[in-house]
């Protein structure tokens with residue numbers, strides 16, 4: 001139930017971030033919806049392929065799909081001032097999606113008996129995979145691979161789940177809240193990972 | 001039998017459109033063939049992954065593969081004036097591919113008992129997935145997401161099949177012809193979907 | 001045993017080539033590791049999807065994964081002069097990866113009873129698939145589709161395996177050495193495939 005709500009929030013946030021990239025690139029309305037859906041569902045699809053879960057379970061997530069479509073429809077017709085204003089809160093909802101998706105991706109891989117490496121990759125891919133496809137389809141370099149600290153929180157979530165440090169719904173929720181807080185802190189203080197340009 | 005013929009026409013048209021993008025980007029002959037094959041078969045492959053059909057059935061489509069290879073070989077050695085001249089008719093053959101692939105993608109998803117959302121996505125992906133991969137591999141923004149009306153005809157085909165409005169070969173053929181006609185009209189009169197640039 | 005060693009060499013070379021692209025694009029350290037892993041494992045993953053092998057077997061390749069991670073860690077902290085110096089030998093190790101991966105990809109497809117077309121595609125994808133994803137994620141046009149002769153050696157390996165011209169470990173090794181030698185010759189003398197720019 002709690003995950004369901006977090007999933008809806010995260011899916012909507014990811015879909016809107018995809019829709020905004022498409023609008024910034026002047027794609028047409030269908031391109032906006034396609035990019036939004038790819039962002040919302042792409043990471044989970046790639047994760048399922050990689051850890052050996054069936055992919056066509058996404059078609060049972062009718063509620064997530066409809067929420068994403070409605071949200072993108074609203075954004076498409078919003079006044080620009082409101083869009084710019086909403087972008088700030090979008091970061092917060094996006095952090096919810098990142099954290100919720102990463103933890104659930106890790107749990108899914110863990111429950112299949114995969115090794116730690118698979119659990120971490122599942123957490124990262126579920127968290128950032130959609131954003132990578134979004135940027136590629138928008139003709140951009142993937143922002144999650146080079147800007148502020150983003151993927152690292154998904155990695156951390158996967159590590160903690162994989163090491164069985166947390167267990168049970170309440171502890172997962174605490175982990176979830178921590179990841180959201182750290183993501184927002186890293187954004188506010190513009191934390192960056194080490195770079196090494198050639 | 002009729003579908004077989006339409007599939008060959010569509011596959012050749014898609015393969016040539018991929019080969020032309022590769023030639024415009026000055027890829028070498030192997031790059032030309034690879035981009036053509038990806039354009040012709042990529043959409044169907046992604047669709048099969050997403051709706052849970054086996055992917056390795058593409059290896060049984062030897063006739064389609066050979067047709068695509070021969071067509072690309074001819075284009076590669078064609079005089080440029082002939083290529084430019086052929087580009088006009090390519091749009092027509094491409095419309096055949098778009099419509100035939102979209103309808104068959106929708107039928108495949110529908111026959112698996114998937115919900116409407118999956119049927120529409122299957123139609124769109126089969127119709128435009130190859131073109132998206134083609135543009136990404138050519139270093140371009142996917143043209144089908146932002147230019148004249150293209151994907152919307154695949155969507156419409158998926159919707160009509162999913163709603164069971166048409167049924168049986170003759171009705172599918174009528175739908176197919178309608179989609180081709182509308183695609184060519186949208187090209188001729190440069191119909192566009194609404195944009196909303198940020 | 002011999003393949004195991006060649007696989008490690010090839011995986012490390014591919015991972016480093018991905019890491020270097022990420023560093024040239026100024027990605028952060030996590031982006032560097034992600035791009036390296038995608039380059040090392042991406043081709044094999046796509047091949048497995050296309051020829052119908054399970055994808056989650058990659059998680060049993062813990063040794064390959066760790067070798068790649070350690071190698072990328074070393075490169076990330078190497079002095080730049082050493083990196084530039086190592087780039088020459090990287091081509092040699094990369095040729096080992098290309099040849100070893102292509103032959104093994106072809107053997108895998110062949111042992112599943114797939115037709116020649118699938119064997120060649122499996123060889124090409126295993127050899128160059130990772131490099132294509134690397135360049136796309138780095139915001140570049142795929143270099144293997146347009147520069148010196150690269151993919152053609154994977155194609156040749158697939159063709160020879162598919163025609164059953166070689167059989168048994170010793171003959172596979174001779175084929176492997178030939179492919180490496182030809183790849184290095186094509187690099188040294190800057191052999192190119194025919195282009196046809198539009």
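Even glycines carry a Cβ here, placed using N, Cα and C.
Automatic prediction, not curation, is the source of TrEMBL annotations.
Marked as domain 'Glycine transporter' by TrEMBL: B:5-78 (among others).
The transmembrane segment annotation in TrEMBL covers B:6-22 (among others).
The transmembrane segment annotation in TrEMBL covers B:29-46 (among others).
What TrEMBL records for B:58-78 (among others) is transmembrane segment. Sequence-distant contacts of the transmembrane segment (B:58-78), counting only residues of its own chain at least 6 positions beyond either end whose CB sits under 8 Å from a CB of the stretch, comprise 7-8, 11-12, 14-16, 19-20, 23, 29, 32-33, 36-37, 40-41, 44-45, 86.
Distant neighbours of the transmembrane segment (B:90-110): 3, 6-7, 9-14, 16-17, 20, 43-44, 47, 51, 53, 118-128, 150, 153-154, 157-158, 161-162, 172, 175-176, 179-180, 183-184, 187; these residues of the same chain sit at least 6 beyond its ends, with a Cβ under 8 Å from one of its Cβ atoms. Residues annotated as transmembrane segment in TrEMBL: B:90-110 (among others).
The feature domain 'Glycine transporter' is assigned by TrEMBL to B:92-161 (among others).
TrEMBL lists B:116-137 (among others) with the feature transmembrane segment.
Residues annotated as transmembrane segment in TrEMBL: B:149-166 (among others). Same-chain residues lying 6 or more positions outside the transmembrane segment (B:149-166) and placing a CB less than 8 Å from one of its CB atoms are 98-99, 101-103, 105-107, 109-110, 116, 119-124, 126-128, 131, 143, 172, 174-175, 179, 182-183, 186, 191-193.
Distant neighbours of the transmembrane segment (B:172-191): 2, 6, 91-92, 95-96, 98-100, 102-103, 107, 148-150, 153, 156-157, 160-161, 166; these residues of the same chain sit at least 6 beyond its ends, with a Cβ under 8 Å from one of its Cβ atoms. TrEMBL lists B:172-191 (among others) with the feature transmembrane segment.
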DSSP helix/strand/coil residue counts for the domain 'Glycine transporter' (B:92-161): 56 helix, 0 strand, 14 coil
For the domain 'Glycine transporter' (B:5-78), residues assigned helix / strand / coil by DSSP: 63 helix, 1 strand, 10 coil
Long-range neighbours of the transmembrane segment (B:6-22), counting only residues six or more past its ends (CB under 8 A): 31-41, 63-64, 67-69, 71-72, 75-76, 83, 87, 90, 93-94, 96-98, 100-101, 104, 130-131, 134-135, 138, 140, 176
